[in-house]
Amino acid sequence: MAGIFYFALFSCLFGICDAVTGSRVYPANEVTLLDSRSVQGELGWIASPLEGGWEEVSIMDEKNTPIRTYQVCNVMEPSQNNWLRTDWITREGAQRVYIEIKFTLRDCNSLPGVMGTCKETFNLYYYESDNDKERFIRENQFVKIDTIAADESFTQVDIGDRIMKLNTEIRDVGPLSKKGFYLAFQDVGACIALVSVRVFYKKCPLTVRNLAQFPDTITGADTSSLVEVRGSCVNNSEEKDVPKMYCGADGEWLVPIGNCLCNAGHEERSGECQACKIGYYKALSTDATCAKCPPHSYSVWEGATSCTCDRGFFRADNDAASMPCTRPPSAPLNLISNVNETSVNLEWSSPQNTGGRQDISYNVVCKKCGAGDPSKCRPCGSGVHYTPQQNGLKTTKVSITDLLAHTNYTFEIWAVNGVSKYNPNPDQSVSVTVTTNQAAPSSIALVQAKEVTRYSVALAWLEPDRPNGVILEYEVKYYEKDQNERSYRIVRTAARNTDIKGLNPLTSYVFHVRARTAAGYGDFSEPLEVTTNTVPSRIIGDGANSTVLLVSVSGSVVLVVILIAAFVISRRRSKYSKAKQEADEEKHLNQGVRTYVDPFTYEDPNQAVREFAKEIDASCIKIEKVIGVGEFGEVCSGRLKVPGKREICVAIKTLKAGYTDKQRRDFLSEASIMGQFDHPNIIHLEGVVTKCKPVMIITEYMENGSLDAFLRKNDGRFTVIQLVGMLRGIGSGMKYLSDMSYVHRDLAARNILVNSNLVCKVSDFGMSRVLEDDPEAAYTTRGGKIPIRWTAPEAIAYRKFTSASDVWSYGIVMWEVMSYGERPYWDMSNQDVIKAIEEGYRLPPPMDCPIALHQLMLDCWQKERSDRPKFGQIVNMLDKLIRNPNSLKRTGTESSRPNTALLDPSSPEFSAVVSVGDWLQAIKMDRYKDNFTAAGYTTLEAVVHVNQEDLARIGITAITHQNKILSSVQAMRTQMQQMHGRMVPV
């Protein structure tokens, strides 16, 4: 009976050999300790009992490769206890191992007469040991892991049909602590074959995350344990934050923390830090990519941290590596000198070439040259004074004083910037040579009392430092101290000394001396105070009287103290006055209109974002649904809940994944623009999210969406007053932008958003600046083509965008609103629109459009931009219309359907023509005179009722001719209405 069962097992094994001998490729996070299928030769496991229990059997696969299996089938005898033990298995540091068993098992119900003795399970045991040579099975040493049951068992029918029913069970055991272990299989009466046994442990395989390498890491002892592993930065990188990850029990890496950054000169590519390519550089250890060398610089090796400047170009010490290399400026232009006696005023113009820098300043070099040989010049010295200063001038003019008279001077004006010191070149300066005129002498520096008596004082003095010519005489002014110059006397002398006689004894006198040349008198000297005495004595020379000297010196000291005090007080008052003036000026400026700041002028665009937009924590934002797709990514609606404030609905613009630095900069530039605006008719920026992905712009939510779609959806539902109110709101927002010197460039109904209260707000501030800078982009911007139908002709032709071109676009928006979102110029091509505008055609009034509104549209569409109204005037006009609703009741047409012909402002006056022929000749369409006559249109009253179908019917098929005729018809109809008093003036 046992032999029959064995045959059944063998037959089954032959049927499954293909399934167990395929290529043995295991997951990367599993390390195999034992695989019975990979053992060459016999397994040689120990069985107990040695006979009649587990038996090793070899079968051949389809490649004639032997497969070693163990089987047992003692189902006829009760109380079976057959053991099979593996060889010693090293654990290699693993604390938890997994046992994968593949086996087949016979269904006991398919065996006759074995109901009491046949089993369908077997037991799995393990035993830890440091001894790898144990020869016997000691059952009491083993710890049971589990009882293994088959999910599927086979029958005699399966054997006949060669149906594979292979079971696979995996069990784990741990924690393990000894060097190795044994596994054991206990049979208690089953008919079973062990096809394969694999023992393995799990590890988290070597990986690189955030530029940090994490080594192979064996999982922890528990099924829920996490092993913290510190990573090491890859080559050419450094730690920003300590890189760590956790190895999970399933062999998967979890929760990366920290990261490494590529060193300067390297960027991340494919998880590695690779050197910047030639022509690129990276200055700092950041997560940025290598940047192309700035203008006028290059790199000739890989891994450059900065770029070398081209010859003749330099980089200042405080210039960032990202800044272009620059060069010194050229010389100032148009130097003009103006000599006034011994003063010179110099003025000049800025250099033609600033070297590419904004930090330009000017230095003045003064040289005094000999009259006989102008080439022999020497520096002027410290006696010359410059206003406001000699070096570092920010203005283009300077005043130079205290020069010598009748002297040749050469002045050099040097234009310098941050890199001038690297290449001082005479080409950076311009010079002028002047000769000073005659001038009064300078003041006398020192006056002394040589001798003092009861009735006289002997004075002596030095020549002025700058006589500025021949001294003709000196003038001495003196008076009694207590008279305070109310009564003084004058003495003149050609010498540098004089005796003043006839003085009163014991009286204090004050003396002043000045010199005169042919140019006039110089300034008086500082006052000298002397007191006469009763006893003759000499002040200077032999035996000076100590009392008189003390009085004189004391008086001088007191006078000096007084002068210093007066000077300090004067300076304080001057500083206060200046500070007060500056404060007043600052106050005045702050009360003025804010001016828009172009974020593209910032060297670091992120600085503009930080300055004008508020950073919002991403946790405060809840995205609810996608409401549209923009140029940079999806547009969603959601909610914003900032701590301390109520929750509000918001619109969320997201930046799509895989963006470039330029796309991120362009995306956030709109936030930098919106953040500067604060007006009820301008879309409000709530803030930005830049510190995590996705990058987002958060604005207020406008429930009714874009104005054009909203109007089309609600065609005919609003009163004229409501429509004018919408236009007034748009105009008010545009007036605010215009006052801030901001040009929108893309004003259209599609870029106006409407909230639940029908308040219209201007939006979409992302129009590209490339139009101004790139002559090749005549019709192309970053977002696509220029909106020809909304754009002023000078902006199309010359890329000249101004507030006046925005006014043109506003007129188109008015037409869109009054036509309930109809497409401007209908199905005409862009080229036809451009041609029609150039020829003077304009859009006709929409159906039921008040004449006053259409006239305002025509004003906005004046060809000369200076003839168009300002936004402030537009708002005032709309206010008048709203206050006078009767002015909105007269419309330009009584037609029951919209007019689709362009209006020609050059149509002739109705009063100037008397017949259909005259009219056609006036508009240069007299070729169609016979067509009109044949169709019965013989009077002007009949002509004003024709439409496009009528023209086609009488044989006028050219679209441009139809438009021209219908435009003139519309103008005549309007003139006829005016003649009959049907228009109400505003």
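In case you wondered, yes, glycine gets a Cβ from its N, Cα and C as well.
Because the structure is a prediction, the values reported are computed rather than measured.
The signal peptide annotation in Swiss-Prot covers 1-19 and rests on sequence analysis.
If you look up Swiss-Prot, you'll see 20-547 marked as topological domain 'Extracellular'.
Feature annotation from Swiss-Prot assigns domain 'Eph LBD' to 30-209.
Under the DSSP three-state reduction, Asn235 (N-linked glycosylation site) is assigned to coil, being neither helix nor strand. Taken from Swiss-Prot, the feature N-linked glycosylation site applies to Asn235 (among others), supported by sequence analysis.
Here Swiss-Prot flags 328-439 as domain 'Fibronectin type-III 1'.
All chains included, 12 other C-beta atoms sit within 10 angstroms of the C-beta of Asn340 (N-linked glycosylation site). Residues annotated as N-linked glycosylation site in Swiss-Prot: Asn340 (among others).
Taken from Swiss-Prot, the feature N-linked glycosylation site applies to Asn408 (among others), supported by sequence analysis.
According to Swiss-Prot, the feature domain 'Fibronectin type-III 2' maps to 440-537, an assignment based on sequence analysis. Predicted-model confidence for the domain 'Fibronectin type-III 2' (440-537) is 88, expressed as mean pLDDT.
Residues or ranges marked as N-linked glycosylation site by Swiss-Prot: Asn545 (among others).
Marked as transmembrane segment by Swiss-Prot on the basis of sequence analysis: 548-569.
Annotated topological domain 'Cytoplasmic' per Swiss-Prot: 570-986, in sequence order.
Val629 (ATP binding site) is surrounded by 10 other CB atoms, counting those within 10 A of its CB over all protein chains shown. Feature annotation from Swiss-Prot assigns ATP binding site to Ile627, Gly628, Val629, Gly630, Glu631, Phe632, Gly633, Glu634, Val635, Lys653; the stated evidence is sequence analysis.
For Glu631 (ATP binding site), the Cβ neighbour count at a 10 Å cut-off comes to 15, with all displayed protein chains included. DSSP assigns Val629 (ATP binding site) to a strand segment in the three-state reduction. Of the recorded residues, Val629 (ATP binding site) and Asn235 (N-linked glycosylation site) place their C-alpha atoms 41 Å from one another. When the Cα of Val635 (ATP binding site) is compared against those of the glycosylation sites Asn235, Asn340, Asn408, the shortest separation belongs to Asn235. Fewest Cβ neighbours within 10 Å among the glycosylation sites Asn235, Asn408: this applies to Asn235. Rounded to a whole number, the distance between the Cα atoms of Asn408 (N-linked glycosylation site) and Gly633 (ATP binding site) is 71 Å. Residues Cys636, Thr654 surround the recorded ATP site, their Cβ atoms falling within 8 Å of the Cβ centroid of Ile627, Gly628, Val629, Gly630, Glu631, Phe632, Gly633, Glu634, Val635, Lys653, which are themselves excluded. Here the candidates are the recorded positions Asn340, Asn408, Ile627, Glu631. The one whose C-alpha lies nearest to that of Asn235 (N-linked glycosylation site) is Glu631. In this record, ATP is bound by Ile627, Gly628, Val629, Gly630, Glu631, Phe632, Gly633, Glu634, Val635, Lys653; the longest C-alpha to C-alpha distance in that set is 14 Å.
For the binding-site residues Ile627, Gly633, Val635, the largest tally of other C-beta atoms within 10 A is found at Gly633. Looking at Ile627 (ATP binding site) and Asn408 (N-linked glycosylation site), their Cα atoms lie 79 Å from each other.
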